[in-house]
Each structure stands twice: as C-alpha cells, then as structure tokens.
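See structure below.
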Amino acid sequence: MATRSRTHVVVFLAPAVLVYTAVMIWPLFNTLRLALYTAGEEGRVFVGLANFATLFGDPRWSGAFWNALGNNFWFFFIHMLVQNPIGIVLAAILSHPRLRFAALYRSAIFIPTILSFVIVGFAWKLILSPIWGIAPSMLDAVGLKSLFAPWLGREGSALTTLALISVWQFVGIPMMLIYAALLSIPEEILEAGEIDGITGWAAFWRIKLPLILPSIGIISILTFVGNFNAFDLIYAAQGALAGPDFSTDILGTFLYRTFFGFQLQLGDPHMGSAIATAMFAIILAGVCVYLFAIQTRMRRYQF
Amino acid sequence: MTKKIVAGLLLSTALMSTGALAQDVTLTIESWRNDDLSIWQDQIIPAFEAANPGIKVQFTPSAPAEYNAVLNSKLDAGTAGDLITCRPFDASLALYDGGKLADLSDLAAMVNFSDVAKSAWQTDDGAHTFCVPMASVIHGFIYNKNAFAELGIEVPTTEAEFFAALDKIKEDGTYIPMAMGTNDQWEAATMGYNNIGPNYWKGEDGRLALIKGEASLTDEAWVAPYRQLAKWGAYLGDGYEAQTYPDSQNLFTLGRAAIYPAGSWEISGFNAQADFEMGAFNPPVANAGDECYISDHTDIAIGLNAASPNAEAARTFLNWVGSAEFASLYANALPGFFSLNSAPVAMQDPLAQEIVSWRDKCHSTIRSTYQILSRGTPNLETETWNASVNVIKGTETPEAAGARLQEGLASWYEPQK
C-alpha cells in the first residue's frame, strides 16, 4: 500500500499548476526581480535594493509613497466604516421573513456592482458637476444649495467623495455575502433562543452576529485587498494625476504613473516594479495578519 | 466556386499593384492624425501627385494614443512607412538617436524654417534636424464679441485693462468672466502659465537661459506668471475646482462665459459650436507699449524613415512639405494648426487670421517645459500643472510654487544644480 505510485497526483495537478505558474507566479516573481534592476547605458543593470532605497530614502519619492499609502488607508477606513456596516444592516433587513419585494431591493442594491468603473466614475462626475450636475439643483430644490461644494475638486473632500462613490457601487457585495450567511443559520438555533426569550434585535446581536463573524472577516479581507489594489475609479474620475494636488493619489495610480509614464514623463518600469513590490508586501502583510491573528481565533465560534 | 473567384480577384489585385509599383514609387506616411485622413486624401496628396508624376503617396494613420507604441514596433520590425510623422521633442529625438530617423539637415526646404520652428526636431546642440516642421498651435484668449459689445468692453492690451475687463464682467453678472477649470490640471498650466508666461520671461531668451542654467524658476520672471494666475481664481465660474476641460469648452460655446484662455486648436470646434461672433487677443503685456511674446508651440512635423528604400522620392515629398504651397493647403484645411513656414500663408478663417497675425507683432516661443527640462524625475511639466492649479486655488503661494519647482528641477538637471 505504502509503495503505491502517486504519479496520478502529479498528472492531475499539472495543468492547473502549469497554467497558474505561467499567468500568475512567473509574472509576479518577474516583477519582483525587475524591481532590483535599473536602466543603464547598455540595457538593464542589476542594482540590488537601490530602487527601494530611492523609494523610501529620497524625500520626493517617499513623500509621494506615504501620501499614497495614507490615502489608501483612508479609502479602506471609509469602506470599513460605511460599506460593511451598511451591508450588514441591509442583509439583516433583507433576511427578515416578512419583508415584501425583498428580491427587488436585493437586485437594485446589487446592480451598481456589475457596472463598469468608467461608467460609475463618469456618471458620478456628472451628478456632482457644479455646472450641469443634478446634485446642486436637487439641493437647491430643498433650499440647501449652500451645502453644495465642488467636492471632487477640493483637496479636503475629493478622496472621501470617491470612497463613498465606491461604497455606493460595492455595498451589494457584503450585503450578498452576509445575506447568504444569515440564511444558512439553522432555524433550530433561533427557535431555541426564542424559547429562552431572545427575540428581535437581541436575537440578531447575540445569535446571528456571532455566527456571521467569519463572513464579516472574509468581507474585511476582501475589502482590504480590493482597496489596496484599487485604481480604476480614481483613474476614471480624476485621471492618472489623481488631483487635486495628489489628494486622491493611491498606490495604484502612483504605480501607474511611475510604470507607464505620464505626459512628458517617460515610464520607469524598474521604479514602478519597486512600488508594485511594496504594494504586494503591504497586501501580503495584511492578509497574513488576518489569517494568523484573526481567523484562527474565529473558529471557536463555529460548531 | 466562390473561393476560386476570391482567389482570382486577390491574384489580379496583387498583379495589378505590382504592375503599378514597377512604374511608380509609392510612399507611405505613418501618422497619428486619423482625424485628417480625408484632408490628406482629398486635398494634400492629389496636389502633390499632380506636381510629381511617378510618386504615389499613401496616408496610413493609427490611433493617437497608440501611435508611439505602434510606430516603435513597426520601426523595430522594419515594416514602418517611408515617412514618419514626428511628435515634438524627446519622442522623436529618441528615434533619431536610435538611428530610425534620417538626418534632414541638408534638405533644401529647411531654409524655409526659423530656428524656433525647427527646435522641436533637432539634437540638443541644434546641429542636426531630422523632421520637417508642419504646424504649431498658438496660445492666447478667445472672447465672445457679443458679450464685450454688450458690456462696452474694449479688447485689453495691458494687464490692467485685462483685469478691469474681468472686473466689469464679474460685476455685471450676466457672464462668467473666464471659462477655465482646474479639474484636469493641464489647462491651468498650458492655457494659463504657458499662455501668459512668455511676456514675463521674454520668450526664447528666458526659456534658453533656464535651459543653460542662467535663470532660475525662483526668478521674478518665472514667479510673476504665477502671481497673475493667483488672481484668476476669483474670475472663474462657480465650482471651477471640479470643472473639466470639456465643461470649459461648453461654457464658452454656449455663451455663458465671456473669455476663454485658449489654444488655437479650438478654432474648428468653436466655429462649429458657437453661434456668436468670436475674437481673439494675445496675452496682455504689463505696460502699454511693452514688447509682446506668444507661445507658438511646435506640435507636428514629418521625417524620413532611415530604412526607407525610397529615400529619393521621400526627400522630394519632404521638400514639397517644406514649400509655401503645402503650408497654405494645410493651414487652410485645418484652421488653428498654423504653418511654421517662413513664407506668409493666406488663411480664410477670420479667427485663425487674427491669431496668426500676432506673429507679426509679437515674438514667438515654445512652451517652456517641453525641451530638455522634462526629461527627469520629478517631471517639470507635470509639476507645473500641479503648481498652476495650486496657485489658482490659493493653496500654494507663487513664491513657494517657484521654489518647489526649482528644487525639483535642480535635483536632476545638471546646469541648474
């Protein structure tokens, strides 16, 4: 028995491993490798960690990097603070057995998720436009015109506005995941709780919420990875320069400008790869924290 | 059956075209101006072919955003056309340095162009020119003539008059004084800083001094344009911070704004959109009677593929592109793209005539950041966009903007260290 050949394992794994290596692992490691080179007089020159020394040591590069990273954290913070709680509340409401038209609400809230970033960015830019937008005229209709400001054009509000647009677009995802988790809670547990006198909101807080915590954890990590890889919405709404004054510049747009170049600036794939490597490290660290520190503890709640 | 017919047709076309090749030389032009396809096919190429029997010309443009990449791979593969439309400055210089573009310094038609006209397609020392200049775009201000007449405003020639006019329009309230937004950033630098700047840094003198390292971006000549821009903020429309470039164009052509800081490429679009009469004035000078300077930015040229087998015929074509005949054809087909030829060109479009007339009374220069100064990191052009926007919004003082730009430039540009 012990000597039985295991070649079939290799054969069955081979296609997936080969395809995954060709399209994911190899490009990933090649990017990491590219970050260790720079363009010299005669082609590519190995420089070790010099690109990283520039990225973190040169005040100009590091200033741009920390600005982008800080903006990224703010972008993530708004999502965690607004998108996920709203998603949970919506899911809780939708899973209420006596709610009518639940399917309609569910689709309506989920639809923006399937829209293209370009459409979302462009549509919101028009809605919020101080010149032709409907936002100023709607506020005017209720006498609150004074509250309107060109939010996307101001340093102080542009990033938050974009984060909220992204929340609007993606709130359907946590809602769907939590909704599925809520539906999977066995009726017996809730009935047992009812016998002990736990109903309504108390049932949600003390029975349902602990049981959906693993889903919330998954959503948090998906939000983290999604936000730190974000690029499209900022690029569609504010362009690669992530204006005003780099206040909406996140790691994705910073990487894009550096790697591909911008206007008269020629692209620098080596510095770009260094930024991509830093992004990879940040996301990897975040995922590790979740996997080892949070998820291992979460299992205790499961039955 | 059908297959046979198709094969037969293909064969006969192939035979016919080889037959044509045997007699004529066919030149192919690479270009990003796919908007101009019909102008080339209906006007420019027939005029050339009529004058030069035996040479056929094909215009084969690709999409503007892809042009540089497509051209580079075609040149590397040896499949590029004989004639290459040249982007200004470093993109074309890199092609010349890489041996892809032929040296055209000895082309007869080159005498028809001034040094400024050729500067975008020369080596840094000016010794070799590798593309024949075709057209430039001029900056200035386009205004709504009805609005000016209604409010009794004269066309301003000095800065004091300019701001008095803006005040008057603002006070009246019917029109937004000036249509420009800061959302897209480049408008503030291209239509703002580089539009009004040449009057302060005295055009080419200041620009070349900066390249040589004799001037600094903290000098009064380079900070003063920011000081003027800082005053613009008050005259832009409500919410200009989020106003995009198409917003600005629409505000002006819908007649809601009185003045538009412009590039001449707007002319055809504005002629089609606006139903009021438009005029133009060059950037106002500090004091009455001062010499005026304009940004007359070299934008498009045409060069010879170094690997072209038809170099002789291509040179004939390039000489023709350098002639007054071509200049007149091109400038009239595309109002707003002005010929760089020294020979005067008669244009039909009144707005284009008005703008090009500034060349007679003012000195021409190109955008200050385009030659050499935007080769490094941080990129001076991009930084200028950012600084112009900050200054208009008042989030950075003109002096601080100048100091920041100078520091960035000095960090990599040897003569400025």
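The backbone N, Cα and C atoms fix where each Cβ goes, and this holds for glycine too.
Curation does not apply to TrEMBL; its annotations are automatic.
TrEMBL lists A:69-292 with the feature domain 'ABC transmembrane type-1'. Positions annotated as transmembrane segment by TrEMBL: A:9-29, A:73-94, A:103-124, A:159-182, A:211-234, A:272-293.
The stretch from A:103-124, A:211-234, A:272-293 with the most CB pairs below 8 A to the transmembrane segment (A:73-94) is A:211-234. For the transmembrane segment (A:272-293), the residues of the chain that approach it from at least six positions outside its boundaries are 28, 31-32, 34-35, 51-52, 54-55, 65, 69, 217, 220-221, 224-225, 228-229, 251-252, 254-255, 258-260, judged by C-beta separation under 8 angstroms. Residues 280 of the same chain lie 6 or more positions beyond the ends of the transmembrane segment (A:9-29) yet place their CB under 8 Å from a CB of it.
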